[in-house]
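Visitor: One structure is given below, represented as structure tokens, and several questions about it will come after.
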Amino acid sequence: MSALSRWLLIPPVSARLSERYQGYRRHGASPFSAALGCLWTILAWIVFPLEHPRWQRIRDGHKALYPHINAARPRPLDPARYLIQTLWLVMISSTKERHEPRWRSFARLKDVRGRYHQWMDTLPERVRQKTTHLEKEKELGHLSNGARRFILGVIVTFSLILALICITQPFNPLSQFIFLLLLWGVALLVRRMPGRFSALMLIVLSLTVSCRYIWWRYTSTLNWDDPVSLVCGLILLFAETYAWIVLVLGYFQVVWPLNRQPVPLPKEMSQWPTVDIFVPTYNEDLNVVKNTIYASLGIDWPKDKLNIWILDDGGRESFRQFARHVGVHYIARATHEHAKAGNINNALKHAKGEFVAIFDCDHVPTRSFLQMTMGWFLKEKQLAMMQTPHHFFSPDPFERNLGRFRKTPNEGTLFYGLVQDGNDMWDATFFCGSCAVIRRKPLDEIGGIAVETVTEDAHTSLRLHRRGYTSAYMRIPQSAGLATESLSAHIGQRIRWARGMVQIFRLDNPLFGKGLKLAQRLCYLNAMFHFLSGIPRLIFLTAPLAFLLLHAYIIYAPALMIALFVIPHMVHASLTNSKIQGKYRHSFWSEIYETVLAWYIAPPTLVALINPHKGKFNVTAKGGLVEEKYVDWVISRPYIFLVLLNLLGVAAGVWRYYYGPENETLTVIVSLVWVFYNLVILGGAVAVSVESKQVRRAHRVEIAMPGAIAREDGHLFSCTVHDFSDGGLGIKINGQAQVLEGQKVNLLLKRGQQEYVFPTQVVRVTGNEVGLQLMPLTTKQHIDFVQCTFARADTWALWQDSFPEDKPLESLLDILKLGFRGYRHLAEFAPPSVKVIFRSLTALIAWIVSFIPRRPERQAAIQPSDRVMAQAQQ
């Protein structure tokens with residue numbers, strides 16, 4: 001390149017060109033791409049007056065106008081990308097110019113839209129004001145209870161008849177389309193309304209469409225003339241029926257979350273009951289358990305009414321000495337039958353408190369835990385159990401491996417944020433094994449914690465409900481713990497939960513037996529059905545292959561009718577769940593969670609259905625490290641198998657599209673769309689199986705907390721603590737950071753009116769951002785530090801509010817990116833025999849996507865882009 005340029009060009013130009021070539025190479029361009037980039041540059045300078053100010057402005061805005069083209073690393077077909085993007089920008093600019101004279105009509109339309117949203121936002125309050133007089137008049141008050149029940153029965157009967165007609169009435173394609181348009185219009189009309197009315201309306205619309213779909217599937221879509229099609233169709237129908245049942249039960253469960261608030265305790269502390277705090281442990285590290293004990297010691301409760309117990313099923317001397325040192329009780333069993341349940345039951349023989357609070361050994365309670373929960377027990381004498389959320393301050397494998405910690409609600413947020421709150425409405429709150437308080441008298445009546453299944457917590461709450469006792473749930477986080485560190489540990493935990501819930505279904509089925517209300521039976525049933533999702537999910541991931549590979553008609557109907565029934569069913573369910581679950585589970589993420597678990601929970605749940613006594617308890621490991629980024633090939637093997645199977649389906653689909661019967665073309669396209677969606681979801685599952693590095697043993701917790709640091713010379717600086725861990729803190733000094741790395745300073749933190757001092761060393765200074773490492777602390781200082789940080793009453797309460805509202809289309813785009821990321825990981829980590837397939841596939845997709853035009857960046861480019869493009873057109 002250098003010799004050729006020197007021969008053809010004058011020295012200054014040759015030197016500049018050689019410089020450009022070397023710059024391209026330094027940024028990773030191949031020799032051919034770098035040489036071609038230089039050639040395109042020469043041609044551009046010959047054809048276009050790039051030195052003109054107008055072109056200079058375009059070049060200055062390159063990053064904004066052409067965000068997908070790296071000018072420092074050219075590719076052979078970059079001219080085509082520039083051409084496509086330029087045409088796109090010109091089109092945007094021209095369209096805007098054409099419509100500029102009509103800006104007033106658009107402004108009017110925007111004003112109408114704003115008025116509509118304002119009207120919808122204020123509708124519930126206006127309806128309430130206009131119907132207040134009806135509540136006061138009590139127009140039906142003169143009627144007897146029997147008459148009112150009769151009127152209600154008539155209304156319900158007519159509603160059911162109308163619903164039955166809507167569900168079963170057959171329509172031709174045009175009528176079905178019009179019917180769906182009407183329902184969709186109503187859904188769009190009410191979905192922005194605040195309050196519960198809009199959610200109830202969306203549930204009604206979704207149930208109408210979904211019930212109509214299931215009716216159509218059972219009555220019109222099975223091919224009874226072809227055995228293969230019939231068998232495959234029935235298998236898919238089984239999975240769809242399961243999904244429909246879970247959908248209906250799920251709507252019922254969360255239709256009216258209770259959102260229970262704390263009840264104040266009596267002012268006279270002598271009326272407060274005695275409480276035992278149990279911290280069971282088996283093989284966890286002492287450092288994991290210490291913070292829980294330190295926080296328990298600081299709980300705001302009379303010390304003569306509080307007893308803390310370490311229940312050590314590992315029988316370790318270090319734990320015994322630690323308990324003696326900090327002044328808590330210690331119990332170790334000689335035998336270890338029934339795992340955690342047996343450990344707690346053994347401790348119940350020694351503890352004599354009126355209530356027992358149970359924490360897993362990594363769950364750190366806040367100081368307000370008992371004051372927030374115990375008031376309800378004094379108010380309601382039949383209340384047997386109060387559950388609070390399981391909140392985690394470390395990322396679970398999904399959050400860590402996908403980089404979504406505190407960006408997307410995690411897997412457990414839906415259960416603890418919405419489902420348990422919905423259960424509370426129906427008096428069906430489950431005991432979750434930790435972060436809960438149980439009244440001793442009812443617990444003793446049922447013989448202690450249930451030991452017949454491996455999910456002793458849910459089984460215990462079921463027994464309490466059968467005895468006529470009530471339960472409660474408070475959604476305010478009052479403790480926080482460690483999430484599982486690896487995907488394999490996470491899956492192992494879910495396998496235990498799934499096996500245990502199915503064991504309860506078989507051994508103590510909530511649908512039968514005495515003591516439960518109908519609503520409680522349905523809530524328990526839905527919880528157990530949730531863990532049977534493995535087989536249906538695998539069916540959905542392979543169903544389109546029945547047609548593409550076996551030519552079996554799993555839905556025996558024209559492709560147009562399939563679209564008119566399937567798409568509305570999915571869209572309405574997605575829209576309704578987005579409205580109800582928006583803060584707790586973003587759209588399409590359930591697909592990822594279920595796909596990751598499906599293969600692994602299917603066999604144990606099937607075994608538990610057949611033989612409920614088979615299986616054993618496994619302890620979930622906490623507090624581990626992941627020292628290197630790697631793919632868990634053992635865990636990801638099933639996903640890769642399903643990916644290859646679906647790729648085979650794509651190949652078969654392409655063949656059928658070109659060489660199959662013409663009347664099947666639309667069916668082939670629908671099947672391929674389904675397969676591509678499955679491939680995206682499976683790609684997401686693969687992305688989760690790539691374990692990211694976790695080298696911090698002490699997890700950082702983000703917070704905004706006032707504090708101060710004191711230098712040895714007496715100077716004091718106010719600061720804000722923005723993160724902390726068990727080993728150090730990150731602070732921002734309010735003003736100039738007048739500290740040096742290696743300098744020893746004292747950190748001052750407040751708890752209530754009390755101020756505490758902790759010795760630290762400066763390990764990092766970046767502007768006014770300072771990293772502090774805790775120096776060795778005394779036991780008293782360590783207790784104080786935990787109570788000033790992890791155990792603060794307000795530490796966890798605002799975490800849930802930090803999640804953005806769900807936007808289904810944005811969530812779908814996130815899932816698409818996630819799926820592509822999974823295949824990139826396969827191309828990076830796969831064995832040579834497989835790597836070439838996925839590397840070629842991801843490279844092809846990335847190459848195709850690189851030609852798609854992008855919108856210019858908003859802040860930097862959209863405003864000037866119109867002017868620049870106009871200049872370019874001149």
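Just so you know, glycine gets a Cβ as well, placed from its N, Cα and C.
According to Swiss-Prot, the protein has these features:
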| type | residues | note |
| --- | --- | --- |
| TRANSMEM | 30-50 | transmembrane segment |
| TRANSMEM | 151-171 | transmembrane segment |
| TRANSMEM | 173-193 | transmembrane segment |
| TRANSMEM | 230-250 | transmembrane segment |
| BINDING | D360, D362 | substrate binding site |
| REGION | 441-501 | region 'Catalytic subdomain B' |
| TRANSMEM | 525-545 | transmembrane segment |
| TRANSMEM | 547-567 | transmembrane segment |
| TRANSMEM | 592-612 | transmembrane segment |
| TRANSMEM | 634-654 | transmembrane segment |
| TRANSMEM | 668-688 | transmembrane segment |
| DOMAIN | 694-790 | domain 'PilZ' |
| TRANSMEM | 833-853 | transmembrane segment |
Visitor: Excluding the flanking five residues on each side, which residues at least 6 beyond the ends of the transmembrane segment (230-250) place their CB within less than 8 Å of a CB in that stretch?
Guide: 206-207, 210-211, 214, 217-218, 221-224, 522, 525-526, 529-530, 532-533, 535-537, 539-540, 543, 546, 550, 552-556, 573
Visitor: By DSSP, what is the split of the region 'Catalytic subdomain B' (441-501) into helix, strand and coil residues?
Guide: 31 helix, 7 strand, 23 coil
Visitor: Could you tell me whether the transmembrane segment (668-688) and the transmembrane segment (547-567) have 3+ CB pairs under 8 A, leaving out pairs under 6 positions apart?
Guide: yes
Visitor: Taking 10 A as the limit, how many CB atoms besides its own sit near the CB of D360 (substrate binding site)?
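Guide: That number is 23.
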Visitor: With Cβ-Cβ distances below 8 Å as the criterion, list the same-chain residues six or more beyond the ends of the transmembrane segment (525-545) that contact it, or say none.
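Guide: Residues 232, 235-236, 238-239, 242-243, 245-246, 249-250, 252-253, 430, 458, 497-498, 501-502, 504-505, 510-511, 554, 594-595, 597-603, 605-606, 642, 645-646, 648-649, 652, 671-672, 674-675, 678, 681-682 contact the transmembrane segment (525-545) from elsewhere in the chain.
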Visitor: Within 10 Å of the Cβ of D362 (substrate binding site), how many other Cβ atoms are there?
Guide: 25
Visitor: Restricting to the same chain and to residues at least six past its boundaries, which positions have a Cβ under 8 Å from a Cβ of the transmembrane segment (592-612)?
Guide: 398, 411, 453, 487, 491, 494-495, 498-499, 502-503, 505-507, 531-535, 537-538, 541, 638-639, 681-682, 684-685, 688-689, 815, 818
